[in-house]
Structure formats: structure tokens, C-alpha cells
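**Student:** Below are the features I grabbed from TrEMBL:
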type     : residues : note
ACT_SITE : R171     : active site
ACT_SITE : S221     : active site, proton donor
ACT_SITE : E291     : active site
DOMAIN   : 26-192   : domain 'FAD-binding PCMH-type'
Amino acid sequence: MLEELLKITVNVKTAEPLSKHTTIKIGGNGDFLVIAQNLQEIVKLVTLAKERNQPLLIIGNGSNLLVSDEGVRGIVLKILNSKSKISVDNQSITVFSGIPLSKLIFWAISNGYSGIEELIGIPGTLGGSVVMNAGAMGREIGELVQWVKVLDIDNLEIYNLKKDDLNFSYRKSSLQRKNLVVLEVNLSLWQENPKYLQQRVKEILKVRKANQPINYPNAGSIFKNPPNFSAGKLIEEVGLKGYRIGDAQISTKHGNFIVNLGKAKAVEVMALINLARKEVFTNFGIKLEPEVKIIGGGLNLEEV
């Protein structure tokens, strides 16, 4: 298997700790960790995994993920390239899905393109952000998407899906079907004064620094906000802000973040997730739905 992977890319590691590839710095070993830096590599790697009947986990920058301490079997395909080319057509841009969102945002504001700056501070890639319809400051990325190019794992066909096909809603899109891989994204932006955009980004980052635990590894928001409620505030109201199991802690800054204080394990984070769900349901009758993707064995979301 290793030899076949190396024929496609040199960016292959065996028995790789996935803690190195998640923003919360947690996760056991992946059998094969392969980095795809362009569309062609993605297609070849997905094809190989399908032909060899290998389990396939696709990740980007590793945010919004909780990976089991037991690791992941098969191939972990990491789609990432911070040097991706950005194609511009008037106020429409087309970009490889593996570009870090922050990199794209800094390119946009430097070139006077507005619309995406509200998402600064979200640590994922463009592709991952589109799949989950990431949002912040009242903006969701789905509002900007015009079309995406995808690879269908089932039949290995490549085709475009238009906005109307994507069914964007709060932290959801039709791209969350497991058999689709996002290859490219087309966004519609508009022009704005770069100095204004730079100032706006500074303001947003200042707010994030004040309200979110950016000094500790974390996976981003753990739960989706229920309709008309803040998940973080509900968790804080049941007295769990700062609650700790091992080196996993519900942030003292924001109840909807779990931070890794040093050597936290996935099972400890999972225990906090289950505790928060239980306490919020017991006190308010509200079921918190995880926003973080839970991957691997030994991590069970308990019923409430």
C-alpha cells in the first residue's frame, strides 16, 4: 500500500499521530496519513482507496474534529495547500478546497474583496468550511458560494453542484453526504476599500480573543446553537464553565469550547460532551447537537 501511495505523492506518513493534524491536538495514529495538494492527487488517492477497499477519512486543517485515542484505520486523506492559486473572474473567485480559510481571507482583504472577512479566525480549510456551512458574526459561507466541484466517491465522477443543489442551512449542507469530496469552490464577493477591510478584521480578531480560548488547543464550537438559544450560555448556566476531566476542560472563557490543557484524551473530551448534554437536557429540556465531528472507536454519544 505504501509503495502505491508514494507513486501519487511523497507526502505520505505511516502510523502518524493524528494529534499532529487536529486543532485540539488529540487523536491516535492513522495507518496512512496522505496530504493531497491539488485536485489530481485527490482523485488518484480516492481512486486507489476505492480499488484497494481501504477505509478512507477525509480531513482538512483538522478543526471541528474529535479523533479517537485508538486512531483511524486505512487512509487519512488530508486536503491542504496554503499556496493554492486563486482564479479571479470579475468579482467571482474559484479556489482549491484545501486552501486555509485564513489564507483566503487575507488574500481577499489585501485585494479589496469583501464578504468573507467576517469568518476570520475560523481555523479550517475552505472546503471544510463549505461542507459544514461555517459561520460567524452573522455571516455563513454558504451565502457566498455559487458552485462547488465535487468528486463522487461511489462512481468516481467529477461534477459541479450549484448553490440551489447544496441546501445550505445552519451548519449544514448536502455536501455532508459521506460520498462527496469537495475539490474546488466558487465564491461571489464584492469590492471594498482594503483599509476598511483590514480594520474590520482587526476588530473581529479582537472580539474573538476576548471571548474565545485561542491560547489553548480546541476544536472550535462543540455544539450547534439550538434555535433561539446559545449553547455556551446553557452550559454556563448549569455550572459547567471551567469543569475539568483530566486535561480536558470546558473553557473558562466560553462554555461551548473544550480545551486541551496539555495531554487531554479523546475519551475525556467525550465525557465532557456527554456531561454537558445530560445537564442541559435535565435542566432545560434541550438536546444539544454536536457540531464537532466524532471519529473512531471508544467515543460514544450517550442518549439524553
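Cβ atoms are placed via backbone N, Cα and C, with glycine included.
Heads up, TrEMBL stuff is auto-annotated, nobody curated it.
Bear in mind that the values here come from a model prediction, so they are computed numbers and not experimental data.
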**Student:** Using C-alpha atoms only, work out the spacing between R171 (active site) and E291 (active site) and round it to an integer in Å.
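**Tutor:** If we compare the Cα positions of R171 (active site) and E291 (active site), the gap is 8 Å.
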**Student:** Around the Cβ of E291 (active site), how many other Cβ atoms lie within 10 Å? Please give the count over every shown protein chain.
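**Tutor:** Counting Cβ neighbours of E291 (active site) within 10 Å gives 19.
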**Student:** What is the interatomic distance between the Cα atoms of S221 (active site, proton donor) and E291 (active site), given in whole Å?
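**Tutor:** E291 (active site) has its Cα 7 Å from the Cα of S221 (active site, proton donor).
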**Student:** Find, for the listed active-site residues R171, S221, the residue with the lowest Cβ contact count at a 10 Å cut-off, counting only other Cβ atoms.
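**Tutor:** It is R171 that, of the active-site residues R171, S221, has the fewest other Cβ atoms within 10 Å.
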